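Per TrEMBL, the feature transmembrane segment maps to 53-69, 75-96, 108-127, 139-161, 181-198, 204-222.
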Amino acid sequence: MMVDAPPPHFYDSRRSPMGKGVAMDGGCGGGSCGGGSSRPSGGPEDLKHTMRMALVVNGLLGALLLTAADATQAVSLWVAALLVLNHAAGHAVTLAGMGRRPELRVRLSMLQGVALAVAAVALVVTAGRSIAGMAIPDVPLASLTLLFAIGVTVASATLLFANRRGSLTLRAIWLCSRKDVLPLAAGLVGLAASWLLLDGAPDALVGAGVAVLLLAEAWGLLRGGMMGEGVKHL
């Protein structure tokens, strides 16, 4: 659930190694929302309103996923919560940087990267412990939670972002939601495999894989922040 925002002078924290410049933390999930003819999106105030709405939605969804993860002990839910909360953090960074010195957004992006890296490493460790302990999550509840998260993601992409650059189409909705839907769907596959095999390892392995991708996102934020700091001191 991501949206384009005005780029800072030194570094655009939305650009990520996950997809050749595709954002993952603060805007449209596909990085290329919309289709058809271009049209105005309503200006800065409209953008701020959209970002605030997305921040609230991501924050509430992240809190729900954390609660469900604690109840089910599903690694895929812990990772989904981190994914969604990272989006919320990206929206917050963008909002905080609007109309202010670009150095602020650079530093906030670096802070976001550090927090994301620490959380992702912790989740990889959690996945390893889950496999070692042969823990089996509550698959039905975890699956229902992920299905709900996918529904919220698609609805938010449709209502908030998919028509910002053109006409609302299924392709635009897919482009705006795929970076969230694919990891969540992978979590569902992992949970289904755990249920069939009566083993929590598939869920943990899928969660660890998504956490590694989030580590790449964290490195992109840190590297971009360091590049921005280097440009500032030239």
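Glycine residues also receive a Cβ, built from the backbone N, Cα and C atoms like all the rest.
Unlike curated records, TrEMBL annotations are generated automatically.
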Annotated stretches the transmembrane segment (181-198) and the transmembrane segment (108-127) touching (3 or more Cβ pairs under 8 Å): no
Long-range Cβ neighbours of the transmembrane segment (108-127) (under 8 Å; 6 or more residues past either end): 11, 13, 25, 75, 78-79, 82, 86, 89-90, 93, 96-97, 204-205, 207-208, 211-212, 214-215, 217-222, 224-226, 228-229
